[in-house]
Amino acid sequence: MAKRIFSVSFLLVLLNVLHICIKFSVADLPTHVETKNLLGKWKILRTKTSPNLTTCGSSQPNKNTYNVGITDYKKYLLENNYEFVSELNVILSDDYVLYGDIYNTQDNEHRSKWKVLAVYDENKRVIGTWTTICDEGFEIKIGNETYAALMHYEPNGKCGPVSDEDSLDSNGDTDCYTTSFSKIRYGWLDVENEKNEHLHGCFYAERIFDNVNEIKHLDSFTIDKDSQNVLQTFTYDTKLNNILNSNNMLYKFGNLQKPTFTKRNNTNVQFNSELNWHRMKHHGKKKPLKKSMLDASRQTYACPCNANEVVDNVINKGDSDNPVSPTLIQLNNNLKNTTQTGNKDTNEMDLENYEDTLNSPKRELEINELPKNFTWGDPWNKNTREYEVTNQLLCGSCYIASQLYAFKRRIEVALTKKLDRKYLNNFDDQLSIQTVLSCSFYDQGCNGGFPYLVSKLAKLQGIPLNVYFPYSATEETCPYNISKHPNDMNGSAKLREINAIFNSNNNMSTYNNINNDHHQLGVYANTASSQEQHGISEENRWYAKDFNYVGGCYGCNQCNGEKIMMNEIYRNGPIVSSFEASPDFYDYADGVYFVEDFPHARRCTIEPKNDGVYNITGWDRVNHAIVLLGWGEEEINGKLYKYWIGRNSWGNGWGKEGYFKILRGQNFSGIESQSLFIEPDFSRGAGKILLEKMQKELGN
């Protein structure tokens, strides 16, 4: 762990480093696709599968500059000897099925009633489920097969040279690229057979149209009529002084609500700092919201949640008998506080939380049935699991740091549930952020990515501990061996295979003299061979068994993201969520983070059914991923606010020792629109070895 050095130069550097944002963005490729754009029949062409994990043509990490060179993915696969061996036609629908009717929810009954998007065969039989991957692509699950794709997009010639920087504006639009809704850029096929055998291949997919009248809205448009109808609610001055005075620039005048959180008042912003650069990019040139987005911003979600709900363009002035916000509730003297204060050197807190869940019904609980206050560890309750909070530095790795911390804590929670007793907790090294940063072909490295795709890599490839590939906050070359695909007869090797072991020539010698007493999980996972210990073999990798959006698909939060997220946290441990951070968030110190009337972009991404009911609650613009560990309630200015407890990735010097509280129950800045869960796998890799060892030692 890095030492804390309290010097003037260190503090100046820290102030510049802590506030990076687009380099922690979770919107990375210049694409935007919505659920309604993908509905209909798709033809999937599949290649052969093998035990080797393949990039299917992507670079590591995935790069925009590399992607645009592939203008025809189907042709690209064929030219690289990836012949198609089978074909499948599916129908992506906006109908829903119950999660419990498709997936095993025996140990997670709270998920059984989730409503997820259905996949049909050509005879209109339900064969699986699907989701958009935020707004970049989609994933289809049919039995033991998973098809993940990023949508095709290309520059339209209206802008300068192609770069790897994010080309989306603050409303999720771009003037520089066009997204295709009818074909994909990359497709990865994964098959999970019995006995944990995983096979991998590639696929190409394109929309099928039965008649010419169906061929419409194939591509996104950079300008539409709606963009001409905007409400000018803030100015465009991008001078630094106005950026620092962000409330005056961005939010409605006349906002008399007292602040719900405190800020630092001594932040030193240098012109060439990451803080200045980020604020200029995300907030100094923030565009006005389109009229449809302004309509959507007046309700909890972008889409109406029932047939009677209508869009309300009038801001509540507080002059009615109705509450100003559904999150402002009357003070209740009968609050139940179940926060635990266990010893951080043991699993005591996790065990007490687990025992508390055993006394509650297994079904999904209503909010009033859940504890008023609950946490898996935070500084306000003085029970943080560990002191050091990851500092992502000058790299947009928040999507990795957050998901891997949640994964680590869920490993600990799951071990407690399996062993059901108190024991010393030896998991004192974080999972390797750098492995995902350098080696993922789904995400864009320091330019950002999605926690959903981090989880996918954890399931398919496994993640070693940080000690084996330490975090450098740079896009180091992935140290995995790369070999040609067996079908690559012409030697081009454009489609690369990943072997599940680090190159013996990689720069690991510095770490060969590890004190294993300080990395107990490494000891449990290691084999006798020194070479195997310091090469990332199967036994040294932590696998995910399952992962998904909370609710079963993107935007499928049942019009009550608060409830389903609370249930998931309560049962299984921390989750990851994303939101759009305003400039005020950079200087957060304490309290409940909430900025009234912050112009947050969102869209309804689905058409209503005949009965006016929307199954999807829409797309929210987000730019930061964080961990949610619990929740609580706090009285501020005579009102009781509900909040989430979050863990950031900007080090201990930010916020409350690296943690923060954010408004709960109102989907503030999209916080309740796209959360994720991940489940550890104890049937293979390091998880299997550790569980068996601990069961033996504890006599289970």
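Backbone N, Cα and C define each Cβ position, glycine as well.
The Cβ of Cys398 (active site) has 30 neighbouring Cβ atoms from other residues within 10 Å, across all protein chains displayed. Taken residue by residue with DSSP, Cys398 (active site) is part of a helix. Positions annotated as active site by Swiss-Prot, on the basis of sequence analysis: Cys398 (among others).
Here Swiss-Prot flags His624 (among others) as active site. Secondary structure from DSSP puts His624 (active site) in a beta strand.
Taken residue by residue with DSSP, Asn648 (active site) is part of neither helix nor strand, so it is coil. Long-range C-beta contacts of Asn648 (active site), restricted to its own chain and to partners at least six residues apart, with a cutoff below 8 Å, comprise Val389, Ile626, Trp654, Gly655, Gly658, Tyr659, Phe660. Taken from Swiss-Prot, the feature active site applies to Asn648 (among others), supported by sequence analysis.
A simple way to gauge crowding: the CB of Tyr452 (chloride binding site) has 27 other CB atoms within 10 angstroms, across all the protein chains here. Classification of Tyr452 (chloride binding site) by DSSP places it within a helix. According to Swiss-Prot, the chloride binding site annotation covers Phe450, Tyr452, Tyr549.
Counting every protein chain shown, the number of other Cβ atoms lying within 10 Å of the Cβ of Cys395 (disulfide bond) is 24. Annotation source Swiss-Prot lists disulfide bond at Cys395-Cys446 (among others).
The feature disulfide bond is assigned by Swiss-Prot to Cys439-Cys478 (among others).
Other Cβ atoms within 10 Å of the Cβ of Asn52 (N-linked glycosylation site) number 17 in total over all chains. The feature N-linked glycosylation site is assigned by Swiss-Prot to Asn52 (among others), with sequence analysis given as support.
Look at Swiss-Prot and you will find Asn144 (among others) tagged as N-linked glycosylation site, backed by sequence analysis. Classification of Asn144 (N-linked glycosylation site) by DSSP places it in coil, neither helical nor stranded.
The N-linked glycosylation site feature in Swiss-Prot is assigned to Asn265 (among others).
Feature annotation from Swiss-Prot assigns N-linked glycosylation site to Asn337 (among others).
Swiss-Prot lists Asn373 (among others) with the feature N-linked glycosylation site, giving sequence analysis as the kind of evidence.
Residues or ranges marked as N-linked glycosylation site by Swiss-Prot: Asn481 (among others).
Under the heading N-linked glycosylation site, Swiss-Prot lists Asn490 (among others), citing sequence analysis as support.
Feature annotation from Swiss-Prot assigns N-linked glycosylation site to Asn507 (among others); the stated evidence is sequence analysis.
Feature annotation from Swiss-Prot assigns N-linked glycosylation site to Asn615 (among others). For Asn615 (N-linked glycosylation site), the same-chain residues 6+ apart in sequence whose C-beta sits under 8 angstroms from its C-beta are Asp94, Asp95, Tyr96, Lys115, Leu117, Cys556, Ile606, Lys609.
Cβ neighbour count for Asn667 (N-linked glycosylation site) (all protein chains, 10 Å cutoff from its Cβ): 26. DSSP assigns Asn667 (N-linked glycosylation site) to coil in the three-state reduction, outside any helix or strand. Summarising the annotation, Swiss-Prot assigns N-linked glycosylation site to Asn667 (among others).
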Nearest by CA distance to Asn52 (N-linked glycosylation site): which of the recorded positions is it, out of Cys398, Tyr452, Tyr549?
Tyr452
What is the nearest of the recorded positions Asn373, Cys446, Phe450, Tyr549 to Cys439 (disulfide bond), using the Cα of each?
Cys446
Can you list the residues of the same chain, besides Phe450, Tyr452, Tyr549, whose Cβ falls within 8 Å of the chloride site's Cβ centroid?
Thr131, Ile133, Cys134, Pro451, Leu453, Ser455, Tyr554, Gln674, Leu676
Around the C-beta of Cys439 (disulfide bond), how many further C-beta atoms are within 10 angstroms, looking at every protein chain?
23
Three states by DSSP: which one describes Asn373 (N-linked glycosylation site)?
strand
Here's one to test understanding: among the recorded positions Cys446, Tyr452, Asn667, whose C-alpha is closest in space to the C-alpha of Asn373 (N-linked glycosylation site)?
Asn667
In whole Å, note down how far the CA of Tyr549 (chloride binding site) lies from the CA of Asn144 (N-linked glycosylation site).
18
Looking at the glycosylation sites Asn144, Asn373, which one has the fewest other Cβ atoms within 10 Å of its own Cβ?
Asn144
